[in-house]
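As written in Swiss-Prot, here are the features:
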- 1-43: topological domain 'Cytoplasmic' (TOPO_DOM)
- 44-63: transmembrane segment (TRANSMEM)
- 64-82: topological domain 'Extracellular' (TOPO_DOM)
- 83-103: transmembrane segment (TRANSMEM)
- 104-109: topological domain 'Cytoplasmic' (TOPO_DOM)
- 110-134: transmembrane segment (TRANSMEM)
- 135-187: topological domain 'Extracellular' (TOPO_DOM)
- 188-216: transmembrane segment (TRANSMEM)
- 217-235: topological domain 'Cytoplasmic' (TOPO_DOM)
- 236-256: transmembrane segment (TRANSMEM)
- 257-274: topological domain 'Extracellular' (TOPO_DOM)
- 275-299: transmembrane segment (TRANSMEM)
- 300-351: topological domain 'Cytoplasmic' (TOPO_DOM)
- 352-373: transmembrane segment (TRANSMEM)
- 374-393: topological domain 'Extracellular' (TOPO_DOM)
- 394-417: transmembrane segment (TRANSMEM)
- 418-421: topological domain 'Cytoplasmic' (TOPO_DOM)
- 422-445: transmembrane segment (TRANSMEM)
- 446-557: topological domain 'Extracellular' (TOPO_DOM)
- 452: N-linked glycosylation site (CARBOHYD)
- 473-528: domain 'Kazal-like' (DOMAIN)
- 479-509: disulfide bond (DISULFID)
- 485-505: disulfide bond (DISULFID)
- 494-526: disulfide bond (DISULFID)
- 523: N-linked glycosylation site (CARBOHYD)
- 536: N-linked glycosylation site (CARBOHYD)
- 558-580: transmembrane segment (TRANSMEM)
- 581-589: topological domain 'Cytoplasmic' (TOPO_DOM)
- 590-615: transmembrane segment (TRANSMEM)
- 616-649: topological domain 'Extracellular' (TOPO_DOM)
- 650-667: transmembrane segment (TRANSMEM)
- 668-715: topological domain 'Cytoplasmic' (TOPO_DOM)
């Protein structure tokens, strides 16, 4: 039976031949012959879209790398940092539905360009608080004169017998605190970071649904998956540079250019260190503004490829979409009125929600992104707290090792889809298999943790024994009972016995000296209390480093983390192609918009918040602001942090795997149903038995994938 590709597509959906003049999805698109000179502009659009993906991904990666810096600079808990991180998704939520639906019928490149401008200004707004806040003030021994290299010996411990009147000291201290409280207007400056990130979300809204749909509309079916894979790979390269930029800025002091760095007594390894977090946002904002330029020069539509021109729709869609071919104006039609476009909004939404494959994939992706958003947001903090690494090093290894593995995985997924021409079922199997294997590997990370740092009164007793029962007076002991110490300060000192003390005062140190930036404390009674035979009762400012075994565990963690990242990302492009192929072409942008909306609202906003709230429960020592309110966490329980962080990620990943299995089950069921319905309907057609015999072979050939009009995939 000789039919055109259009008629063959109609045969699968209407079970009858379609007249040659019937409507198809090519309505409104310029023909290949008409717009031949514009063919090269698809590559220009591909390059422009890749660059804007790079710019937005760089800013997102940089934001993740500055989570701990922002937490310390503004003295806020992890839960509030999670809300700031989620403001990007809130901005997306405000306009995503309308942008994805109406934007698909307007000038898509210009809408993307306008979004880039908003995104650029929002990114720069995040850096604004640095120029209006007071200089960063960390907890330090203020009696030391930073202008001198050697400081006379003073006693951190105010002995009862020799200290001046405590009332006079406390009076001066209270006056200072009261004055600082009046002038402390910087405590709410984090709101600008929230608003800037929200603007970033508003500006980013049109990029994914309109950009990917535009690319898929005008690329050949053979190249669509490859092009999308290229864009997604470039998008992963962005965070590499974002984390590397974050690593560089974390080494620079927050007030660089505003203070004399010779007077700074802490180093990047100190838990109170805050890097130049604001600097990277200025760079990322400029790149976003630059990315807007090419989109203002691109046309509203491009010529469709010859394969799309001939086929009109893909065979893969025909097996899973009920009645996909009906007349609707395509994105190329000009001057559609808003009311005309809005008329089909609810019917289109209803059509999407009646698609079981789309809904199940939406649920699976949402749960999986909850896992991924929470994991990525707090990964730098996890590396810092679990393995004792600096913020700069944590960002460096994520940017240089983890993210390239993700990029390679996404690119490999696109190559596999193109080379083996996988159908929807095979793509779903690859997506499911990568998730299962990836989360199984992730389980091994539970065994790669480190012991808690030995901190007197928090993780070990003052005698150095474990465990310690924490209570309100746990930081005080007989060895520091004669000292007038505050238990709210965090001025860590590493004793020669390998135990960290919350402050030199709580270590019972009676004398000290300074040479350059190094402060040596001596005659520390609590150090001798834990190691009475050593005879060396001294210590140095700063936390004690974790043992060498922890460094070895960190290397194993990196290896498993890289393999897991590659495995999970391998299913990214197959999953994306499943999303594009299970819906009607004219609803593609709208479906991508709803998908993005669901991921933003149900994963991007809540995941960092509830991850942060649960992580805060593992805090052992909170810092305090000038006015006495609670600030950011200074020390976490490593065991509790590990179980919360890894356990929650694994739990969500497991749920997403079961939902992905349901997607595959429904796909297979719909294919068998469509296949059987087609054969039954054909057998009812009034034909003579001789004609049936004559056309049987041709019909069987027609059911084989290579005879379907959209030959880009095979089941």
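Every residue, even glycine, has its Cβ placed from backbone N, Cα and C.
Annotated features, which come from Swiss-Prot, shown on the structure.
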residue : record                      : Cβ within 10 Å
452     : N-linked glycosylation site : 22
479     : disulfide bond              : 20
485     : disulfide bond              : 21
494     : disulfide bond              : 21
505     : disulfide bond              : 25
509     : disulfide bond              : 28
523     : N-linked glycosylation site : 16
526     : disulfide bond              : 29
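Cα proximity to residue 526 (disulfide bond) (within 10 Å) is found for the following recorded positions from 452, 479, 485, 509: 479, 509.
Here the transmembrane segment (275-299) does not lie next to the transmembrane segment (650-667) in space: the count of CB pairs under 8 Å, restricted to residues six or more apart, is fewer than 3. Of all the disulfide-bonded residues given, namely 485, 494, 505, 509, those whose Cα is no farther than the 10 Å limit from the Cα of residue 523 (N-linked glycosylation site) are 509.
With respect to their backbone Cα atoms, residue 452 (N-linked glycosylation site) and residue 479 (disulfide bond) stand 23 Å from each other. Within the same chain, the transmembrane segment (558-580) stays apart from the transmembrane segment (110-134): fewer than three Cβ pairs sit under 8 Å, each pair at least 6 residues apart. If you look at the transmembrane segment (236-256) against the transmembrane segment (44-63), you find at least three C-beta pairs under 8 angstroms, all six or more positions apart, and that counts as contact.
With a cut-off of 8 Å on Cβ pairs spaced 6 or more residues apart, the transmembrane segment (44-63) and the transmembrane segment (110-134) reach 3 or more such pairs and are scored as touching.
Taking residue pairs at least 6 apart in sequence, the transmembrane segment (394-417) and the transmembrane segment (188-216) share fewer than three C-beta contacts under 8 angstroms. Panel annotation: around the transmembrane segment (422-445), residues 316, 319-320, 368, 409, 413, 416, 557, 560-561, 563-564, 567-571, 574-575, 577-578, 581-582, 646, 649-650, 653-654, 656-657, 660-661, 663-664, 667-668, 671, 705, 713-715 of the same chain, lying at least six beyond its termini, place a Cβ under 8 Å from a Cβ of the stretch.
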